[in-house]
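Q: One structure coming up, written as structure tokens, with questions to follow.
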Amino acid sequence: MKDAQQDHIYATPQERISRFSFDERVARCFPDMINRSVPGYAQITAMCALFAERHLRPGAHIYDLGCSHGAASLAICERLAERPFTLTAVDLSPAMVARARANLAAHCPAARLDDVELIEGDILALEYRTAGMIVLNFTLQFLPPERRAELLERLFDALEPGGVLVLSEKVRFEPEAVEREIFDLHHDFKRANGYSQLEISQKRSALEEVMLTDTLEIHHQRLEEAGFARHFTWFQYLNFASILALKAS
Ligand SMILES: Nc1ncnc2c1ncn2[C@@H]1O[C@H](C[S@+](CC[C@H]([NH3+])C(=O)[O-])CC(=O)[O-])[C@@H](O)[C@H]1O
Ligand SMILES: O=C(O)C(=O)Cc1ccccc1
């Protein structure tokens, strides 16, 4: 599937801006979109492989939830090419799952390919098996806020002792003055990466009711309540952050 395209989705004025969705059009340009929009995306993806290398017991299972093109899964498969593990990557969008499948088939080391499974489905409805590592990179923010705690509790239950969860999110800040400053700086970041003011503001409107962000404090509180013994923000770049949460061994 050689269709890696530049993101021009919001480049022309739209009369009515429809809600953002992970459809065919977004899937087609997704790598370009996320790399130019999410500060630290490449670093966070690469670190997921190092977390797996450090924390995964041989033979353990990994989940990549809301995998999109499968970037985190691929980074893990490449780094742990010689080590035994199994992996399930899940996404609700058929267009994304098709890309993840093609990407993994093309780039996953042959020795790992048989142990990787892709599921087109809702991570809120999945039956989880015991896992050593769960990756939630920029996915929780798209779930209804009232379902987030329940999902984290289920993921905590699925993790084996010593298991790890990587939770990466766009976050908001309090007080409002700080939020405004960092929000604007993120827009500067996007402009520096070639997005126009029109693209930035139209996409912001499209995301308004779809992507509801929490503060880092809320994320940590949820993880605490889900049962995680240790959880800390290991990365932050403007309003994008990643937390590592560990289940006691
Ligand atoms: N209920 C759901 N069930 C399954 N998938 C879902 C659900 N809701 C949304 N998604 C999927 O979650 C992904 C979010 S993108 C993740 C990036 C990836 N992790 C990456 O590291 O490249 C983040 C972003 O675009 O900012 C999309 O592919 C949705 O289809
Ligand atoms: O583009 C943005 O402003 C974002 O907040 C991140 C993002 C990246 C890709 C899809 C949806 C949101």
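Cβ coordinates come from backbone N, Cα and C, glycine included.
Those TrEMBL annotations? Automatic predictions, nothing curated.
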Q: Going by TrEMBL, Gly66, Cys67, Ser68, Asp122, Ile123, Asn137, Arg204 bind S-adenosyl-L-methionine; tell me which of Tyr41, Tyr237 is listed for that site too.
A: Tyr41
Q: Under DSSP, is Asn137 (S-adenosyl-L-methionine binding site) part of a helix or a strand, or is it coil?
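A: In the DSSP reduction, Asn137 (S-adenosyl-L-methionine binding site) maps to strand.
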Q: When you tally the Cβ atoms that lie within 10 Å of each candidate's Cβ, which of the binding-site residues (Ser68, Asn137) has the highest tally?
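A: Of the binding-site residues Ser68, Asn137, the highest Cβ count within 10 Å belongs to Ser68.
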Q: Record lists Tyr41, Gly66, Cys67, Ser68, Asp122, Ile123, Asn137, Arg204 as binding S-adenosyl-L-methionine; longest Cα-Cα distance in Å?
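A: Largest Cα to Cα distance for the S-adenosyl-L-methionine-binding set is 25 Å.
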Q: Find the average pLDDT over the domain 'Methyltransferase' (62-163) in the predicted model and report it.
A: 97
Q: In the three-state scheme derived from DSSP, which category covers Asp122 (S-adenosyl-L-methionine binding site)?
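A: Its secondary structure by DSSP: coil.
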